[in-house]
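According to TrEMBL:
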BINDING   P89, L90, T91, R92, G93, L94, G95, S96, S97, A98, S99  ATP binding site
DOMAIN    60-142  domain 'GHMP kinase N-terminal'
DOMAIN    204-270  domain 'GHMP kinase C-terminal'
Amino acid sequence: MNQTKVCIKVPASTANLGPGFDCLGMALDIYAWIEMDFALKTKIILHGEQMLGIPLDKSNLIYKVAQMVFAEAGVSHPELEIAMYSEIPLTRGLGSSASAIIGGMVAANALIGNLLSQDKIFLMATQLEKHPDNVGASLFGGIVVASWDGVRADYIRIAPHERLEVLVAIPEFQLSTELARHALPKEVSMKDAVFNLSHSSLLVAALCSGNLEMIRHAMQDVLHQPYRAALVPGMEMILKEATDHGALGVALSGAGPTLLALVDKTSHEKAGLAEFMQNTLLKEDIKSTMMWLKPEALGVQVLANSVSLAELAAHK
Ligand SMILES: Nc1ncnc2c1ncn2[C@@H]1O[C@H](COP(=O)(O)OP(=O)(O)OP(=O)(O)O)[C@@H](O)[C@H]1O
Ligand SMILES: N[C@@H](CCO)C(=O)O
């Protein structure tokens, strides 16, 4: 029996939650699984349609982040066998790149007996992703409030409120984070900075104290969503009106194009809200997949028992 192979399960994430641009993230209950082992010759197997187009050689992100971990730990393992299956849609604002980075780093670290601390992994992943929101959520689970000054990465994890549910409308088109960041201005006014600072702080306080009614006011943003609206037709109306259809609050998920509503799981308006979001996008000729998700309290896990990735992919 193989003694070294590790298998990890890593959650998807949503970043920003509206005003918390590059500093708030929440883990979600859809996942990617990664198996990793030492090998004589590198081999990368990707299961499922989701992974189409992802490289199968040493340019693969998971291979590259594993090598970063080995280099940091002072060990050398240039040849790896990697297998992956993911439910997380690529390039849609649900943290697929962060899940790959965290999954790859944590798997590599487990392979070498966890020579690096979790905080070191957080720092390395943040340096690579350039913002800590998605990687923090995938690593630690729950809601993560994080800061990154280019040198230090700090975070505090908040347990998600038990009544919080998440509705996502995932448009059929992809929008890369790189493109969505190019839409942003280089500078913002003091007025807009103060607006986001106050709303992001209010949102964190609402999430910590369980004041769900405050979320609709707190989840407003002027730093990134208005500039990204042109990239996601229908978004402006959804951001403006989803709370009238039962959402506690609504935001662009990460860099988009997915739109995300926080919902009280006891709400009687859930079906109507989903219909409103899907139809608003359809009016703009955008087909979308609607999914009801939950905040995931757990971050990445090294599984005690390996799962069959081929079987997971086959049952989707
Ligand atoms: N499992 C994977 N293996 C290798 N590369 C991956 C994997 N998952 C994602 N990527 C890379 O990450 C890119 C998507 O990253 P991007 O930051 O644009 O979107 P996202 O992470 O899905 O969304 P967001 O950051 O807005 O939440 C993919 O196009 C691919 O290059
Ligand atoms: N905070 C990032 C998340 C996307 O990875 C952004 O909005 O660009």
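Glycine is treated like the rest: Cβ placed from N, Cα and C.
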(message) Other than P89, L90, T91, R92, G93, L94, G95, S96, S97, A98, S99 themselves, what residues in this chain have Cβ atoms within 8 Å of the centroid of the ATP site's Cβ atoms?
(response) A12, I88, N134, G254
(request) Could you tally the C-beta atoms, other than its own, that fall within 10 angstroms of the C-beta of T91 (ATP binding site)? (result) 19
(message) Considering every residue in the domain 'GHMP kinase N-terminal' (60-142), what is the mean pLDDT value?
(response) 97
(request) Take the domain 'GHMP kinase N-terminal' (60-142) and count its residues per DSSP category (helix H/G/I, strand E/B, coil), listing them in that order. (result) 49 helix, 7 strand, 27 coil
(request) Using DSSP, break the domain 'GHMP kinase C-terminal' (204-270) down into helix, strand and coil residues and give each count. (result) 32 helix, 10 strand, 25 coil
(message) Validating a neighbour-count step here. Other CB atoms within 10 A of the CB of G93 (ATP binding site): how many?
(response) 31
(request) Would you count the other C-beta atoms found within 10 angstroms of the C-beta of P89 (ATP binding site) for me? (result) 20
(request) List the same-chain residues at least 6 positions away in sequence whose Cβ sits under 8 Å from the Cβ of G95 (ATP binding site), in sequence order, or say none. (result) A12, S13, T14, A15, G25, I88, N134, A137, S138, G254
(message) Sequence gap of 6 or more, Cβ distance under 8 Å: name the residues on the same chain that satisfy this around S97 (ATP binding site), in order along the sequence.
(response) L61, E129, N134, T177
